[in-house]
Amino acid sequence: MTFRNCVAVDLGASSGRVMLARYERECRSLTLREIHRFNNGLHSQNGYVTWNVDSLESAIRLGLNKVCEEGIRIDSIGIDTWGVDFVLLDQQGQRVGLPVAYRDSRSNGLMAQAQQQLGKRDIYQRSGIQFLPFNTLYQLRALTEQQPELIPHIAHALLMPDYFSYRLTGKMNWEYTNATTTQLVNINSDDWDESLLAWSGANKAWFGRPTHPGNVIGHWICPQGNEIPVVAVASHDTASAVIASPLNGSRAAYLSSGTWSLMGFESQTPFTNDTALAANITNEGGAEGRYRVLKNIMGLWLLQRVLQERQINDLPALIAATQALPACRFIINPNDDRFINPEAMCSEIQAACRETAQPIPESDAELAQLRGEDFSQLHIVGGGCQNTLLNQLCADACGIRVIAGPVEASTLGNIGIQLMTLDELNNVDDFRQVVSTTANLTTFTPNPDSEIAHYVAQLHSTRQTKELCA
């Protein structure tokens, strides 16, 4: 039997994990084993909301060392993280300033300023990326305006996964799928857009040309002295999750469910027309030149904050209690900027419930309208797919079949690119066949008589009436 041992480092906004994958070539079987899991979270430092990158690096090294201590030969390593955030380095590779998190308020108001000065349509047609107030474009503008004293010391700007790969290998890389989340990459050239960089105040010399997934960045030398390749995987965690989504057919959509939830479909071409702009659709880079056409949804962030504030540890019990309650009594818009990082999430939700205006949730409809074809099934992947209540609500609200799983989608997609780089698999579609036969998948059938299905139908009926009367 021929085996490959690949290690995936998967960092999320609330936790990180080092996972060992064992791939058996002859039977095309893939098994995962968790080596090390650790917490991640926001910290307050010198008036900024930051990440503790030193702690994360220590946890990564601890996990890698554990694998080596077991005497396992590692064939490759890959790292994926969340998007938009970055670390600045000087000429000697030492950090400049703080690793500020996207939930910090430093970039507030700068998105509107960019739209006014550059033109909203022009920014969108250049980047194809949705407008979010914490995109790297605005974070860099905040940095260069508010901390100009740092600029003479900056030689490099590395996005989070590239920074940790650099710490392991000493080699710098700017991976394409994650680079596109910055709103700084030109959608036509796949290189940094000079006009957008100029507005941000950043120097183009801080960045190298983005590279597509599948190249070896460098090597990590393990304690035993072996040189292990570190692969540039699809380093944006959602890009990795989409690779592991067992999409079947052109009418399949995906929902990567975690702290953030991202709903969309794959396309060979981007969508940057006025309809896409009006719906704030994003065209993030994917593997093999594909685009991840999607919408950002606030996801489980609100739930995570409520659990923390109320000190609730038994999530299954809470879900069971919630399932017994009537649906749609209180509706809020979780994508409202007020929920990005409020001081007290519970109080903010209560305040929103007191307001009367209710938004119409229609991410699936906007995506379907963009394609000109309805979806027939929705693949929910990531940690959030373990929430059976949420899965059923999605099926009922969208009116289509939901297939939940795999849970560790980002990890699996990370491993998939490594196996392709090692010439064990041909392409993404080949890897998805492996996922389909090895992952635990659960199907949820929509219930048209559910309360939420009736509520969504009523909302759409109300909207159509308003459009007729306008």
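Here the Cβ of each residue, glycine as well, is placed from N, Cα and C on the backbone.
Keep in mind that this is a model prediction, so the values were computed, not measured.
The active site, proton acceptor annotation in Swiss-Prot covers ASP237 and is backed by sequence analysis. Around the Cβ of ASP237 (active site, proton acceptor), a 10 Å sphere holds 31 further Cβ atoms from the protein chains shown.
The ATP binding site annotation in Swiss-Prot covers ALA13, SER14, SER15, GLY16, ARG17, THR259, GLN304, GLY383. The number of other Cβ atoms within 10 Å of the Cβ belonging to ALA13 (ATP binding site), over all protein chains shown, comes to 23.
Swiss-Prot lists GLY83, HIS236, ASP237, THR238, ASN296 with the feature substrate binding site, giving sequence analysis as the kind of evidence. The Cβ of THR238 (substrate binding site) has 31 neighbouring Cβ atoms from other residues within 10 Å, across all protein chains displayed. In this structure, THR238 (substrate binding site) is part of a helix by DSSP.
Reduced to three states, the DSSP call for CYS222 (disulfide bond) is coil. Note: CYS222 (disulfide bond) has non-local neighbours LEU64, ASN65, CYS68, ILE74, ILE228, i.e. same-chain residues 6+ apart with C-beta under 8 A of its own C-beta. Look at Swiss-Prot and you will find CYS68-CYS222 (among others) tagged as disulfide bond, backed by sequence analysis.
The disulfide bond annotation in Swiss-Prot covers CYS394-CYS398 (among others). In this structure, CYS398 (disulfide bond) is part of a helix by DSSP.
Nothing from the binding-site residues SER15, ARG17, THR259, ASN296 places its Cα within 10 Å of the Cα belonging to ASP237 (active site, proton acceptor).
Of the recorded residues, THR238 (substrate binding site) and GLY383 (ATP binding site) place their C-alpha atoms 12 Å from one another.
Site extent for substrate: among the recorded binding residues GLY83, HIS236, ASP237, THR238, ASN296, the largest C-alpha separation is 14 Å. Summary of the substrate site environment: with the site residues GLY83, HIS236, ASP237, THR238, ASN296 set aside, the chain residues having Cβ atoms within 8 Å of the Cβ mean position are TRP82, ASN178, THR181, ALA239, SER256, TRP260, LEU262, GLU284.
Annotation for SER15 (ATP binding site): spatial neighbours ARG37, PHE38, ASN39, ASN40, criterion Cβ-Cβ under 8 Å with sequence separation of six or more. Largest Cα-Cα distance over the residues recorded as binding ATP, namely ALA13, SER14, SER15, GLY16, ARG17, THR259, GLN304, GLY383, equals 18 Å.
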